[in-house]
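Shown next, in structure tokens, is the structure this report addresses.
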Amino acid sequence: MKLIFNSKYTPVIAIFVAMIIWASSFIALKIAFRSYHPMVVIFGRMLIATLCFMVFYKYVFKGFKYHKGDYKPLLFMAFCEPCLYFIFEAIALKNTSASQAGVITATAPIFILAAASLFLKEKYNLQSWLGALAALAGVCWITLASATSESAPNPIFGNFCEVLAMACATGYTVCLKSLTKRYSPLFLTSTQALMGTFFYLPMLFLPFVEMPTEYVALPSFAIIYLGAVVSLIAYGLYNYALAHMPAAQGASYINLIPIFSVAMAWLFLGETLNLSQGFAAALIIASVWVSQKGMAKAHDEKHSLKNK
């Protein structure tokens, strides 16, 4: 037990659990969207997360010390995610299936790998890049092999919006990685929730947003789950893990989401992938291993050079 919970393994366990919870968010969103407008769902999610953080406010501000000028990266981080990210993801899930959206998350490490190299000066070898490109090829494959269905009325457009959401996740991750040096994961996660609440509140008054006239049990529970479990626990675990590993290495674990999301979509929503999409998903999953091994090798080489 002591071996499992030491500093080497804890971030890996944290990010693994975060990926399982994040995968379930696609299913929860699909269920919530059946009865409520996406803007209502996302605002409810942000509000519940904010209320949860208010309960733990003493821990949120424990050791807090604001650094001059940090309002800019904090605002940009929150603008990328949850603000823009959830808009694109909401549009995506209205047009594509939860299983396909989950698989599309594999594009995130490609963006983050490039951004981390450019802005954070993290160095990665050829194997890391080949793994990321293989994931991109798998995403293109699964999109081109998709067909219109009840759960995916416009899969190509929906998948494109999910890719845009992953681009927003890149800006979030790069900002987060730099901010974790000065602020706790709990503070950063609560900042996201609070800013997301203020961002989505005026969205409720847009003319095309239908306010709920009744509250359905399962979709309402899905919103509570999204706010209390996904926004609070999953983001908290991911932010903690990212504070203890390189940005691109942490992002590579996002490629585990397709495995969990496809399984959950089949179990809870009755969604399936066709044979061609199954092979594409397998390619994406295999690319995780290739890219992860390359990142680990580059990380070990960097530390061995420092120790010489």
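From the backbone N, Cα and C atoms, a Cβ is placed for every residue, glycine too.
Copied from TrEMBL, the annotated features are:
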type	residues	note
TRANSMEM	12-33	transmembrane segment
DOMAIN	12-143	domain 'EamA'
TRANSMEM	39-61	transmembrane segment
TRANSMEM	73-93	transmembrane segment
TRANSMEM	99-119	transmembrane segment
TRANSMEM	126-144	transmembrane segment
TRANSMEM	156-174	transmembrane segment
DOMAIN	158-290	domain 'EamA'
TRANSMEM	186-209	transmembrane segment
TRANSMEM	215-238	transmembrane segment
TRANSMEM	250-269	transmembrane segment
TRANSMEM	275-292	transmembrane segment
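By number of Cβ pairs under 8 Å, the transmembrane segment (99-119) is matched best by 126-144 from the list 126-144, 186-209, 215-238, 275-292.
Same-chain residues lying 6+ beyond the ends of the transmembrane segment (39-61) with a Cβ under 8 Å from its Cβ atoms: 29, 32-33, 82, 86-87, 90, 184, 186-187, 189-190, 193-194, 196-197, 199-201, 203-204, 206, 209-212, 223-224, 226-228, 230-232. Sequence-distant contacts of the transmembrane segment (73-93), counting only residues of its own chain at least 6 positions beyond either end whose CB sits under 8 Å from a CB of the stretch, comprise 26, 29-30, 33, 38-39, 41-42, 46, 101, 104, 158-159, 161-162, 164-165, 168-172, 175-176, 178-179, 188, 191-193, 195-196, 199-200, 231.
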